[in-house]
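Novice: Below are the structure tokens for one structure; questions will follow.
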Amino acid sequence: MNGSKASKKRKAVTRDVEEEAGVFSGDELNTDNLDGALSDNANDLSSDEDESDSEVELIDDFSDEDDEEEEDVLDSDEIPSDGEDLAKKKSNTAPGELGAAMDDGESSSEGEQLNYRIEKDANGNDRFVYDEINPDDNSEYSDIEENANTIGDIPLSFYDQYPHIGYDINGKKILRPAKGEALDALLDSIEIPKGWTGLTDPSTGKPLELSQEELELLRKVQMNEIPEDGYNPYEPTVEWFTSQQEIMPLSAAPEPKRRFVPSKHEAKRVMKIVKAIREGRILPFKPPTEEDEEDDTIIKYDLWADEAERKDHPMHIPAPKLPPPGYEESYHPPPEYLPSQKERKAWEEADPEDRASEFLPNDFGSLRRVPGYENFVKEKFERCLDLYLAPRVRRSKLNIDPESLLPKLPSPEELKPFPTACATVFRGHKGRVRTLAVDPSGLLLATGGDDGTVRVWELLTGRQLWSVKLSEEDPVNVVRWRPGKDALILAAAAGDDIFLAVPPIVDPAIEKASLDILDAGWGYAASVPPPTPAEANKKNNPPKWMRPSSSLADLGVCAVIPLRYVAKSLSWHRRGDYFVTVCPGSSTPASVAIAIHTLSKHLTQYPFRRRIKGGGPPQAAHFHPSKPILFVANQRSIRAYDLSRQLLVKILQPGARWISSFDIHPTSSTASGGDNLIVGSYDRRLLWHDLELSQRPYKTLRYHRKAIRAVKFHPGGRYPLFADASDDGSLQIFHGSVTGDMLSNATIVPLKVLKGHKITGELGVLDVDWHPREPWCVSAGADGTCRLWM
């Protein structure tokens, strides 16, 4: 480049330049650190200028083009002699490397506008004059208005005699603004511009107007809003001191020794006091004064000086103590102890002998308001009368062993035989086994389960003899054998229907007799005239017995009774011609919930036209073993109806929340003195009722942890046994003997707990039945098995 361009004027630095500061050779240049290092931004220059405190401002162009020309302008008369080495080192830099760096700088600054202009100084050299910095939002410079008054804190009164009021940032005078006339002020007050305040700015002398930001701030303050944007007044509270009480030591320092070692200083002080007492300098007891000294001239007599202590009389009885005061004797008793106006009036009108207490409780509020007790002298006088006039008697305490008050029960070993172990397990049902029944001969066992099948097993061996599927969807809820050995008829309830079947596994003679009993009803049903149109239109007409389908008929099913509602209970009459069914569903009408079926006539009757009052829907029903009485149990009570007279005989109140089942003693009203029955409930209680004693239970037994599903007496009365089945997976065997003596009660003894069924789906043992001649019982469980207990 030519010398004219290279002769740029720079102001010299007032301090010496270090020799090695910022000088690198071309070989030492590391291109990895050049990212962002070359820049011609004015902000970089301004930051460098601010950091220098002891330097004269350098006004220069730091572009790559000027850096290339700096070598020629560093004369020896402009900078200290130490800078010559710096110029030499710069001249040793390779021209190619420096030119490449300058080319990169020029290319990077071509698209940006220069922030300076070149002028001539007094010597004719180029002078670079930079534009004024316009700070942005991120700059540290404050935005100063163009005509702002920069006089600072000088009062404006100093400029009253001058035509100007101050100076701007460039040092120019700010002239005093012209004042308007009164008409102009009136017009300004009428046409109020935006931001008008009516005040005068003391720094400029012009009317003070508010900016848009200030108006917005005033609006937020007036509307009770948050002035600052982005401020959240509902930030979560930082609990510097937590509100929860922390019970812990503030430090983990060990306990100091002075806490558990006697103090030496206190020991010294105590020893000083002890030494002073021994020397007589400190008297532990205050000597009596002259006033306290006794007067020897006064003669004193002791009335009991010669009185010898007399022993109590052998029959001496100490005086009884007064009872401690109660809440009603307090001067501020609780409100429930204060009498009402009615009680107070009744107490005042009653005779003193008839009053429950001799005073009325009063509330005085505080102890200082309590007056004197008017009956105090009277009570003390009566107390004295009681002490020396009333005879005293010693009461001897009865030393009775509580065990002797309990009835002596016989040992279970003396009450054998009863079932104690599992002998046979019956497996074959899919799902829960809901019901079972042992036939009158004691050879066969019928079961029904959730799979909709009825199975007949050989009792002793557990071999399945016969099976029929009655329903594809509904379970078999109950199966019962017809009483009597002359025929073998099985009744089963599955879904809405009752099925009567004769299993083809018995002798031909018994099978023929059973079929004859069932076929006799078809002839009677055919002879009955058809119902009239009025009777046919009734809602709850008795169902007609039907013949089964061909597939069921081939398997031994002989008749079907469509009840239209699900039956959960079925019980036969002792003669085998009647059986009663109960539909306990809540949607079942009350008039059809209980039905009595006649086997010889194929006839179904509904004895109840209305719902039984109290206790909810019916749950179970049984015939009396020797009387024409029907027992019907709902959720809370058991009612006995005389079928011959059609009257309600008795209502039993077991006190259970929900009755699950009940059974009548087989020898009721024959060998025993009255009727006895047992009741099982879902609230884990087993209740024994003696109808001759009371409507309430005679005994309540609570031995199970879960609901009781079934209870059963041993049939025939040969063995005084009964059992219950519970959801806890166990059976309880009891001894229950009754006698014909009206003065003696039933004897109930718990004998054995039988466990073997698994609890499945919160259900355990669902049904239980006894062998007709042996002390054996059979149980059905929710685990899909049946067990024979011997």
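A Cβ is built for glycine as well, from the same backbone N, Cα and C atoms used for every other residue.
Straight out of Swiss-Prot:
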type: COMPBIAS; residues: 117-130; note: compositional bias 'Basic and acidic residues'
type: REGION; residues: 1-143; note: region 'Disordered'
type: REGION; residues: 321-346; note: region 'Disordered'
type: REPEAT; residues: 428-467; note: repeat 'WD 1'
type: REPEAT; residues: 471-511; note: repeat 'WD 2'
type: REPEAT; residues: 613-651; note: repeat 'WD 3'
type: REPEAT; residues: 760-790; note: repeat 'WD 6'
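Would you situate these features in the structure and describe their surroundings?
Specialist: Tertiary proximity for the region 'Disordered' (321-346) is limited to same-chain residues at least six positions away from its ends with a CB under 8 Å from its CB atoms, namely 357, 359-367, 369-370, 383.
According to DSSP, the secondary structure content of the repeat 'WD 1' (428-467) in residues is 0 helix, 22 strand, 18 coil.
Looking only at the repeat 'WD 2' (471-511), the predicted model's pLDDT averages out at 92.
Residues 568-569, 571-574, 578, 580-582, 584-586, 588, 590, 593-594, 596, 607, 657-670, 675, 677, 679, 689, 691, 695 of the same chain lie 6 or more positions beyond the ends of the repeat 'WD 3' (613-651) yet place their CB under 8 Å from a CB of it.
Mapped onto DSSP helix, strand and coil, the repeat 'WD 6' (760-790) counts 0 helix, 18 strand, 13 coil.
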